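Data first, discussion second: the structure below is written as structure tokens.
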Amino acid sequence: MTPTLLSAFWTYTLITAMTPGPNNILALSSATSHGFRQSTRVLAGMSLGFLIVMLLCAGISFSLAVIDPAAVHLLSWAGAAYIVWLAWKIATSPTKEDGLQAKPISFWASFALQFVNVKIILYGVTALSTFVLPQTQALSWVVGVSVLLAMIGTFGNVCWALAGHLFQRLFRQYGRQLNIVLALLLIYCAVRIFY
């Protein structure tokens, strides 16, 4: 990979990993509501699911041109529906002022999010088909970059969770408003799948 292409790869992957999306918003919300330590199950579920999805993207990238457009469209609708459900859960979750301490979303729920998270699927397919496959089709490179993509994504999730933890007091003071804003951002993510 040339230095120019490598620079573009890092720019694309880091910006994509750090911008708002279902994972980052969920990480922020969980750490704000429950603290960083309580959110490690959520982060672990995201990370494992992210890795598996990136490996699946590696396989899909080889044959992307022949994928049935109806299947891709169906995946988009499933992803949007799950993201809207997640937005509803965040918008209606109790805040500290409500006097209730809801449990964070489970490992398996955050794991399952990855398989309908169109942002990370597109992230993986785009990075692999744009930066890796034109340079090499060696399986070791494709798998290695897939693992790297998952690590970069996990880094973004942890950064957002740490922000939620560090600003927890402020976020808890304005918990209801924060939950509404995060839910609206998730709705925006769902709409952006189609437009």
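Backbone N, Cα and C define each Cβ position, glycine as well.
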Original post:
Per the topological domain annotation in Swiss-Prot, are R37 and P94 located on the same side of the membrane?
Top reply: yes
Subject >> Ranked first among 8-28, 142-162, 177-194 for CB pairs under 8 angstroms with the transmembrane segment (105-125) >> reply: 8-28
